[in-house]
Amino acid sequence: MTPVTTAVRAGLRRGLIELRQTMSTAQDVVNFLLPAAVFLVVMLFLRQVPVKDAPISVGAMSLPSMLGLNVAFGGLLAMAQTLTAEREDGTLLRAKAVPNGMLGYLIGKIVTISGSTVAAVLVLLVPGVLLFEGIGLTSLGAWLTLAWVLVLGLVATMPLGAVLGSLFTSPRSAALVMLPIMGLSVISGIFYPITVLPQWVQLVAQCSPIYWLGLGMRSAMLPDSAVVAEIAHSWRPLETFGVLAVWAVLGLVLAPVVLRRMARRESGSSVAARREKAMQRIG
Amino acid sequence: MEAVLDVRDLRMRYGSADVLTGVDFQAHRGEVLALLGPNGAGKTTTIEILEGFRMRSAGEVRVLGVDPAHGDERWRAGLGVVLQSWRDHGKWRVRELLAHLRGYYTCYQQPWQVDELVTAVGLTEHADKRVMRLSGGQRRRLDVAIGIVGRPKVLFLDEPTVGFDPEARREFHDLVHRLSDEDTTVLITTHDLDEAEKLADRILILAGGKVIADGSADALSRQMATEAEVRWTRAGQRFVHSERDATRFVRELFAQYGEEISDLEVRRASLEDTYMSLVREFEEVAR
Ligand SMILES: Nc1ncnc2c1ncn2[C@@H]1O[C@H](COP(=O)(O)OP(=O)(O)O)[C@@H](O)[C@H]1O
Ligand SMILES: [Mg+2]
């Protein structure tokens, strides 16, 4: 076996091991299920509230949007946060000290984050389909749309998350990226139709992948009649593909450069310095 | 035979501070070297340059015949780096983590079998524990195990025994001796002379940006402890005299006074005295 295939295999195994660890740690499972449960309960109360001018409830519309948001959070936030956390605690330095370890580490992260994002989507999708009227994944086309939006969404967001994670040196400052991403998710038509917002806010929202992930998921799962709540009364699949693809290319070009620069700076003393800082914070 | 570590005129400058101003040393296969020096002397800087984790300002460095600044992954497979863990891989089980990291080396060389390794570092009873459940001492053993899992040709350890209790320290010393018996070259940094004396075939003392002494503990005592103190009593009076060539001085003393001399003492400054005065000097300059 060549060193690269060895590392790719090790990385895949690493991802699966970490997924299994997450699923078998009670705390992690609770952290994972609780938000989904809270969201579902809230949306159940909104099951009868209709979206203005559209033949669908706020609950039913929010569910697919939320799936899109989950993908964005997984790719952007979870990626950025694990990267800074594991840089601080020395996981990354260990990878750097091992031959082809960085490659294995990254592949492992991709597997872990994709896996847990898919799980987060399923946790909402399964009860959602059963509980909400109007949500259906009855045609093959609907499943295919769901699949490509999910995959392209991950490809578009994970490299960006990795770039963000490399730019911050402590989990604390990384928490700052939460703010703009939360802000974007509020204006991205996840919780109510984007069309109620002022024009310029709609424009801002349409630059981020979050809006398009929500739209893509809605196009897969909602009845065609619900399209009246969208901009231009269209699901705009080509635009969805285009914008997500642009982010994906941007991320895939930037991430290797930024990651390499970040990795080059890792050393025993830089990890020790961060550890000391973190200890002071705690102590 | 080619040197495993070959460092010539290594220089490092941070901003306007010259930390290393021309470090020279070599190490051969199976040698255990201790890089000894007070805090801030540049030990970590030196070892991280050799590990390929830090760029030097100037000088020639070869590790396993390769410049660490341009070492590839095959070169990296020949290196072991013992890092101080904190809370990384907390959810991993000891055996699982070692088996995983071992996997990266298999295409280059024959790494340790996990069970053998676990036994060698004394973690047999804890092999199925999660890393976060290990005590501090057990964690450090795991750090060593991770550092050597690929059977490196050269092993780097930066102040590895900080926080060890005496027993853990002794076990650690045994492990290092065993590794060097298997032809692993070991470079350890420490600010503790006692540790350097116990562990190393050769001690390098780093101070003022240079290696100011290089040799076995014995050789260093002779080389560095230049002055000896001679004390004697004659005619009911006590005398003290500092002398480079104590043997000649005493011979002449007897030639002159013969049996009048009593209570003769010759005390050479120990390596420890010399090192401590060096540390004090260094710390005063730093202040
Ligand atoms: N990244 C850095 N930037 C600036 N100065 C540094 C850096 N790393 C170390 N130094 C300085 O270099 C000197 C030597 O540090 P170090 O190699 O850590 O010494 P030691 O390990 O012997 O205690 C110290 O004065 C330290 O402050
Ligand atoms: Mg140091």
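Keep in mind that glycine also has a Cβ here, set from the backbone N, Cα and C atoms.
Feature list (source: TrEMBL):
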{"type": "DOMAIN", "residues": "A:27-262", "note": "domain 'ABC transmembrane type-2'"}
{"type": "TRANSMEM", "residues": "A:29-46", "note": "transmembrane segment"}
{"type": "TRANSMEM", "residues": "A:66-85", "note": "transmembrane segment"}
{"type": "TRANSMEM", "residues": "A:106-130", "note": "transmembrane segment"}
{"type": "TRANSMEM", "residues": "A:142-168", "note": "transmembrane segment"}
{"type": "TRANSMEM", "residues": "A:175-194", "note": "transmembrane segment"}
{"type": "TRANSMEM", "residues": "A:241-259", "note": "transmembrane segment"}
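Here the transmembrane segment (A:29-46) has long-range neighbours at 22-23, 57-59, 62-63, 66, 116, 119-120, 123-124, 127-128, 131-132, meaning same-chain residues at least 6 beyond its ends whose C-beta is under 8 angstroms from one of its own. If you look at the transmembrane segment (A:66-85) against the transmembrane segment (A:175-194), you find at least three C-beta pairs under 8 angstroms, all six or more positions apart, and that counts as contact. Long-range contacts of the transmembrane segment (A:241-259) within its own chain (CB-CB distance under 8 A, at least 6 residues past either end) are made by residues 102, 106, 148-149, 152-153, 155-160, 162-163, 166-167, 206, 209, 212-213, 216. Sequence-distant contacts of the transmembrane segment (A:175-194) (same chain, at least 6 residues past either end, Cβ-Cβ under 8 Å): 51-52, 54, 58, 61-62, 65-66, 68-69, 72-73, 76-77, 80-81, 164, 168, 201-202, 204-205, 208, 210-211, 214-215, 229-231.
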